[in-house]
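Engineer: Next up is a structure, given as structure tokens.
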Amino acid sequence: MTPPVTGSSVTESTPTKAKSGGCGCDTSTTVEMDEKLQERIAKHPCYSEEAHHHYARMHVAVAPACNIQCNYCNRKYDCANESRPGVVSELLTPEEAAHKVLVIAGKIPQMTVLGIAGPGDPLANPEKTFRTFELIADKAPDIKLCLSTNGLMLPEYVDRIKQLNIDHVTITLNTIDPEIGAQIYSWVHYKRRRYRGAEGARILLEKQMEGLQALREADILCKVNSVMIPGINDQHLVEVNKMIREQGAFLHNIMPLISAPEHGTHFGLTGQRGPSQKELKSVQDQCSGNMKMMRHCRQCRADAVGLLGEDRSQEFTKDKFLEMAPEYDFDKRQEVHEGIEKFRVELKVAKEKVLAGKEKTASNPKILVAIATKGGGLVNQHFGHAKEFQVYEVDGSEVRFVSHRKVDHYCQGGYGEEATFDNIVKTIADCKAVLVSKIGESPKEKLLQAGIQTVEAYDVIEKVALEFYEQWNKG
């Protein structure tokens, strides 16, 4: 259960003199969601940045087949050590998937969303996908259902999606130009025929646009995922953003290409690089004036379980969950959710109190800070235990989430690993400080030598970040 909000417990907050300049960026956006839309996504950790601090999700791997071959994808069905889309430890039948959901719904009552995202395409496996949704809708009606698709077969199944009360659909749409698509997709299999090059990309785009419009007409929320590929579609994504907004998508998730050679993808094996953090943020910021941007995506496995950034899938492998009795308890789950919502109200009040009276000043430099958090909107994790840092932009009057950055945790077997520490420093090198619940003297001193200050606290993220900024900016 998320802890209640308490008063400040900052144990160290004595930043050194401010340096000139800042991060030179702006994540602000004029796009806001209306109240009705916010209510629909309030407990969806993938669709709501605020909800992902409190609620968990899970994916079930019932859809192995795919009808397109993306150059950034290599599906794996028995892989436990890679964290990326298209990868699972094992495939499940719809009945096994439903059993797993009921087990986890009891073990992790803050799990509110069940998604099918692969490892292939859910709509290339319609019987397994919809059978799974039917079973879960019948046995766990409080769990939101969603799916992620390339969109090729979407127009044919929107009515079925609506019938099953699947309220959230994600389309992966990387381009609106078939010539660019020819560089991203090796082939597209449609109506028993395989198409290559721009012809295949054109067919895919037509169906994606049809599907997007059909979702809008059916009042089904649509998020669009786009993989940013430097030199191919990076300069084109602003056009994609404008088009999908016009067609009815409400959220755009621009993700970095994952292209490590060991993953075996075409792009990985041919040396296509992914974008830097700076390049990714630049494109996201360019698009943020048109529609709401998703910046908290973890590019999850197709069998992910738990809070975003906290994958617990290996706790629930088939050999384990099949031996567990379902513990789904609707009333208990509602009680947990009520507690979370009560805490969210307290957290909102605490944030408003922190931000009250903070006047926006254009001359204030913007800086980045890295946060070690286990969720709940708090600075509440030990530096050595963090497997990722959430990065926020601070300007003295606002604190805005920018991104998350994965790292290997520093403390392993009770000792700090030097190689791991060096990688952490590199990962957060553009941050003025790291905000943690606790940190040892040795890593604290090493961070300071690298130009990164530390703040030890257990409190609301915005409060700790603004307190640091005020002292940093005093000089």
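The backbone N, Cα and C atoms fix where each Cβ goes, and this holds for glycine too.
In case it helps, Swiss-Prot gives these features for our protein:
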type     : residues        : note
BINDING  : C66, C70, C73   : [4Fe-4S] cluster 1 binding site
BINDING  : Y72, G120, T172 : S-adenosyl-L-methionine binding site
BINDING  : C297, C300      : [4Fe-4S] cluster 2 binding site
COMPBIAS : 1-17            : compositional bias 'Polar residues'
DOMAIN   : 52-303          : domain 'Radical SAM core'
REGION   : 1-25            : region 'Disordered'
Engineer: Check the binding-site residues C66, Y72, C73, G120, C297 for other C-beta atoms within 10 angstroms of each C-beta and report the one with the most.
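Structural biologist: By the 10 Å Cβ neighbour count, C73 comes out on top.
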Engineer: Across all chains shown, how many C-beta atoms besides its own are within 10 angstroms of the C-beta of C70 ([4Fe-4S] cluster 1 binding site)?
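Structural biologist: Total other Cβ atoms inside 10 Å, all chains included: 21.
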Engineer: Where the distance is taken from Cα to Cα, which of the binding-site residues C66, C70, C73, C297, C300 turns out closest to G120 (S-adenosyl-L-methionine binding site)?
Structural biologist: C66
Engineer: Which whole-number value in Å describes the distance between the Cα atoms of T172 (S-adenosyl-L-methionine binding site) and C73 ([4Fe-4S] cluster 1 binding site)?
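Structural biologist: On Cα coordinates alone, these residues lie 12 Å apart.
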Engineer: What does DSSP call C66 ([4Fe-4S] cluster 1 binding site) in the simple three-state scheme?
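Structural biologist: The residue in question, C66 ([4Fe-4S] cluster 1 binding site), is coil (DSSP, three-state).
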Engineer: Given the model, what does the mean pLDDT over the domain 'Radical SAM core' (52-303) come out as?
Structural biologist: 90
Engineer: What three-state class does DSSP give T172 (S-adenosyl-L-methionine binding site)?
Structural biologist: strand
Engineer: Give the helix, strand or coil assignment DSSP yields for C300 ([4Fe-4S] cluster 2 binding site).
Structural biologist: coil
Engineer: Given C70 ([4Fe-4S] cluster 1 binding site) and C297 ([4Fe-4S] cluster 2 binding site), what distance in Å do their CA atoms have, once rounded to a whole number?
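Structural biologist: Rounded to the nearest whole number, the Cα-Cα distance is 20 Å.
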Engineer: Between Y72 (S-adenosyl-L-methionine binding site) and C66 ([4Fe-4S] cluster 1 binding site), how far is it from one CA atom to the other, in Å?
Structural biologist: 14
